[in-house]
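K.L.:
Below is the structure I would like to discuss, written out as structure tokens.
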């Protein structure tokens, strides 16, 4: 009997960028800049984009702003690029409504985070995601587990019970461990496409069955992120490891404080005036900004 494992599909490609939300000088969403940035990210190697997720500051965006942002990005990149909308909420009715609206607005999928703050039990999580899946059966869903932010973690057995929902096709693993990927594959099989939610864990997660990454660093090093993933998948682990080790300083700098504070500063330093995060997040402090600038300079070709 061959020990070869079945590989998962890639419903949204290998490299997705979790987009920042640009704000203008008055703090309003800059839709024109969002469109230009989206196009740039695709040109730099992203297969698809996620709008209104954690990096996109969804907690401080109104539903109207999120809808406008999805429309602007969708128009900017055209029909050939998957665009996922963050539609999660800790209220099931709100998440259902947002997911239906995203489907109607032309999203190619929805990123749906586990409910935060109210800490539902596993049975509540199952009911929550089942209601969302049934409300928009034509829209592929990516479940999103990030317990460090939400206060609850979705167990692999719970995800496995949801595999009868045909539109639950993928999972963003952001618990900070490779064990989550293994446990999900053992519980759900190869049907579920697992994406790393941590830039620094992409390479080890690929080795245990993840199919790609929802990346923050790809705002700045999209081609290198893509090269790392492709090198590993094409049987060049040493090349992939070389990319990984070169990028570790950037990965650390981008998560030296709360995301997306550093990546917005990095984009500003790179000529993209995306503005500061909305309160209660703050701009990156001067010392960290100087260190980030040095990290970016070290990555530039000489």
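Including glycine, each Cβ sits where the backbone N, Cα and C put it.
Take a look at what Swiss-Prot says about it:
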ACT_SITE  144  active site, proton donor/acceptor
ACT_SITE  172  active site, schiff-base intermediate with substrate
BINDING   55, 214  pyruvate binding site
SITE      54  site 'Part of a proton relay during catalysis'
SITE      117  site 'Part of a proton relay during catalysis'
K.L.:
Under DSSP, is residue 214 (pyruvate binding site) part of a helix or a strand, or is it coil?
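P.N.:
Its secondary structure by DSSP: strand.
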K.L.:
Please list residues from the chain of residue 172 (active site, schiff-base intermediate with substrate) whose Cβ is under 8 angstroms from its Cβ, counting only those at least six apart in sequence.
P.N.:
111, 142, 143, 144, 145, 146, 195, 196, 197, 214
K.L.:
In angstrom units, rounded to an integer, how far apart are the Cα atoms of residue 117 (site 'Part of a proton relay during catalysis') and residue 54 (site 'Part of a proton relay during catalysis')?
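P.N.:
The separation of the Cα atoms works out to 15 Å.
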K.L.:
Taking only same-chain residues 6+ apart in sequence, whose CB is under 8 Å from that of residue 54 (site 'Part of a proton relay during catalysis'), what do you get?
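P.N.:
Expected: 18, 86, 113, 146, 149, 259, 260.
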K.L.:
Might you list, by sequence position, any residue in that chain lying six or more from residue 55 (pyruvate binding site) with a Cβ less than 8 Å away from its Cβ?
P.N.:
18, 19, 20, 216, 259, 260, 263
K.L.:
At a 10 Å cut-off from the C-beta of residue 214 (pyruvate binding site), count the other C-beta atoms across all protein chains.
P.N.:
30
